[in-house]
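**Student:** I'd like to ask you about the structure that follows.
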């Protein structure tokens, strides 16, 4: 091989070969380490298209280490240059297209992924034979693509086959000194990617399991409420039906007794209404101390550090319950949407008002595809009924929820709100 300057480059020394190969290895090392950045938000598969676009962008960053190969091509001429350019373009295209043909880590590999993988493997094996030792880093890319695409029970065969290819290639193209560095790099990066992929699969399965647990918990709560309401109202409604039938029969022949039955029906109905209100109030009331303990447990399960600060004298029961509701709503939103690592909950009071503040260091806004619920809206209505205010919104590096409720003169309003 002779460049435009006439220098013979067909037998580059092991040092040059090793430098180019390790440059390619560094490309994949960088690509693998940035995988956490480009795919962390799409474990739930809500937007596979956005996930693929992000993967394409960050995967392309690793291609910067093919610049030495491109510089080598610049020294070619004629048909050899044209073939090398075509080979490099095909290599880059298949390198990006093969992993992106998968929808997610956990879904079965599709036939077109296998077709792209086979084409990429043939090209990665052929380029060093066609153009010399400067292309020896291509099998390292192949090892990583095998790790990203093959089913987990076949990955070892793919990486092992890549190692065999390297063992055969290096002596045949005159670079035996690069054999072990390239082979070890391909094996280590391939196995690293296998471990990383397995970890992400476990995270996906864990999130699915948590979603199922939440669904079952909600169903269980609905059943519990239905059972309790049945226990509260079953007897009363049966009594109302019986007395209504009796009052209807007595209406024409014993008006005084019929009116007494109607009065009893009214009393039973009022008592039932009071029972339902008490039951609903019981479900909705949030004791602050219990909710703070629950918040610590939930945040700990989500691997979020919780810092709780309380100052001042104990709060009135009604304000305590209102703040308990706010803590549950705020912490629920943090766990579901914020991706925070630290949460600070501060509770305090003065002679005139009580204040609650929840601050996290998360992303500050809900992710794409999130449909706003009514939790904060309902909280704001309840606090407004108590004469207080709610302030919620992003801050520098996180999200802040602040609740303030007046004390003293506003106590009657607080009681009606809770």
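Note that Cβ sites are derived from N, Cα and C of the backbone, with glycine treated the same way.
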**Student:** Give the range, chosen from 56-74, 208-226, 227-245, that TrEMBL lists as transmembrane segment.
**Tutor:** 56-74
**Student:** Which is it, of 136-154, 155-173, 250-268, 269-287, that TrEMBL names as transmembrane segment?
**Tutor:** 155-173
**Student:** Between 26-44, 178-196, 292-310, I'd like to know which one TrEMBL lists as transmembrane segment.
**Tutor:** 178-196
**Student:** Other than its close neighbours in sequence, what residues sit by the transmembrane segment (155-173), given a CB gap under 8 Å and a spacing of at least six beyond its ends?
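**Tutor:** Same-chain contacts beyond the ends: 125, 128-129, 132-133, 136, 139, 142-143, 146-147, 179, 182-183, 186-187, 190-191, 194.
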